[in-house]
Amino acid sequence: MKLQRLKSIDIFRGICMVWMISTHLIDWWLRSEYFWLHSVTVMIFDPFGASGFLFVSGVSIALSYRNNLRKVKSDEDFTLTSARNTYLIRASIILIIALIYNSFIALTLMNPSWIWSWFVLLTAAISLFIAWPLLKTSRLLRIVIGCGFWIASPFIVALLLPYEGILSLNGILFHIFYSGLDPLIVFFPFFLFGTVIGDTLFNVYQMDPSETGFRKTFGYKYLGPTIGIGSILIIFGVFFEYPNFLRRESFSWVFYSLGIDVVFISLLLSLETFETIKTKKSYKLFFYYSYYSLTIFLAHNILYFLFLEKLGMNIWLFILVTFIFMTIILRFIYKKWRESASLKVQIGKLGSEITKKIGGRSNKKVNDIATSEHK
C-alpha cells in the first residue's frame, strides 16, 4: 500500500513559505528606524523559516524514497536506478536555478562573491545531493551525523571567522561554508533530521489509517516519542547559554528550532490523524503555497520595490493585504493551469524525461511518480 498524501506536510511547508515571504517583505519595506521590528519577529518565528522548510523537505524526500523502494520490489518495470537518476537530475536543476538566482543578486549588488551564497534554494539543492547516500543508512547514524555538524560548526566558525573577507585559504573556506543567510553546515542537519521523521512516519503508516488500532499505534510509535524528544530539544535550546536560543544560527538556536519543528509537525499530524480539527480549509489555503513553493520563492522578489523602506508599524496591514491578493492569484492559477504553473512539478517531470532518455526507455511510470510526489 502506497502511503497516502499527508495534508500536514503541505500545511507545514505552506506555513514556512508564508513566513519566509513575510520576513522578506518586512526586511524590504520597513523604514530603518523600525528595523527592530524585523529582529523581534525573526527571533520569534524563524524556526518556521529556512530551517522549517528544509526540515519538511527532508520529511517529504524520505517518504518519497521509501515509497520508491517499495515500488522497486513490486514493479519490475521500475528500478532504483531510475528513481536515483530522477532524484539527482532534479537536484541538479534546482542547483542551476539557485546559482542563476544568486547571479541576479550578485549583478544587482555588483559583487560576484554573492554567486556562491547560502540562500535556502542553494542549501536545499546541496542538501539533496548529500542526503541521497545517507537515505540508505540507519536513522541513528543520520542523527549522529546531524549532531556532528552542529557540534563542529562553532569550532569551524571560531577558526575561520577572523579571515572573513580576506583573500586567503581560510577566507575562501569561510566564504564557501558560511556566506549567506542559510549556511549548509548549520542548516543541512534540519534536512537530515527531517528524513528521520519521514522514515518514522513511513513505518507507522504501514498500518492502514482506517484500521482499528491505528490511532493507538500512531500515538505510541510516533506522537509520544516525537513530542517528548521535541520538548526536550526546546527546553535544552532555551536554557543552554540562555538567551542565545534567540540568536539565529547559535548552538542553542538550532536545537530549539529543531524542537519547535518536530513538535509542530507532530501536532499537525495528530490533528489530521485524530480528526480533531477538520483541515480542509486550512489545507487548501496553505496547499497553494506548498504546491507553488518554488514558483512563489522566485516570483515574490518583484515585490521588493513596491514599498521599499516606506512603511512603519502599519506594515502588518500591507502584508495581510498582499497575502490576500497573492492567495486569490494562486487559487486562480491553480484552477486554470494547475501543475503547468508549478516549477516544482515541472522540474520533477523534466527529471523523469531526462531519466527515460538516459535509460533509453519510454517508461511512463517514472513520470507519473515524479508528478504525484510533487503535487
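Any Cβ shown, glycine's included, is placed from N, Cα and C.
Copied over from TrEMBL:
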- 5-206: domain 'Heparan-alpha-glucosaminide N-acetyltransferase catalytic' (DOMAIN)
- 12-30: transmembrane segment (TRANSMEM)
- 42-66: transmembrane segment (TRANSMEM)
- 87-109: transmembrane segment (TRANSMEM)
- 115-135: transmembrane segment (TRANSMEM)
- 140-163: transmembrane segment (TRANSMEM)
- 183-202: transmembrane segment (TRANSMEM)
- 222-242: transmembrane segment (TRANSMEM)
- 254-274: transmembrane segment (TRANSMEM)
- 286-307: transmembrane segment (TRANSMEM)
- 313-334: transmembrane segment (TRANSMEM)
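In the predicted model, residues of the domain 'Heparan-alpha-glucosaminide N-acetyltransferase catalytic' (5-206) average a pLDDT of 94. Counted as Cβ pairs under 8 Å, contacts with the transmembrane segment (87-109) are highest for 286-307 among 42-66, 286-307, 313-334. Highlighted: of the candidate stretches 140-163, 222-242, 286-307, 313-334, 140-163 has the greatest count of Cβ pairs under 8 Å to the transmembrane segment (183-202). Through the fold, the transmembrane segment (42-66) approaches residues 3, 6, 9, 12-13, 15-17, 19-20, 23, 83, 87, 120, 123-124, 127-128, 131, 135, 181-182, 187-188, 190-199, 201-202, 246, 248, 254, 256-258, 260-261, 264-265, 293, 373 of its own chain, all at least 6 residues removed from its boundaries and within a Cβ separation under 8 Å.
For the transmembrane segment (140-163), same-chain residues at least 6 beyond its ends with a Cβ under 8 Å from one of its own Cβ atoms are 134, 170-171, 173-174, 177-178, 185-186, 188-189, 192-193, 195-196, 251, 254-255.
Residues 197, 200-201, 204, 250-263, 266-267, 269-270, 273 of the same chain lie 6 or more positions beyond the ends of the transmembrane segment (222-242) yet place their CB under 8 Å from a CB of it. Through the fold, the transmembrane segment (286-307) approaches residues 7, 9-11, 13-15, 17-18, 20-21, 24-25, 28-29, 53, 94, 97, 101, 120-121, 318, 322, 326-327, 330-331, 333-334, 341-345, 347, 375 of its own chain, all at least 6 residues removed from its boundaries and within a Cβ separation under 8 Å. With Cβ pairs under 8 Å as the measure, the transmembrane segment (12-30) is packed most heavily against 313-334, out of 115-135, 254-274, 313-334.
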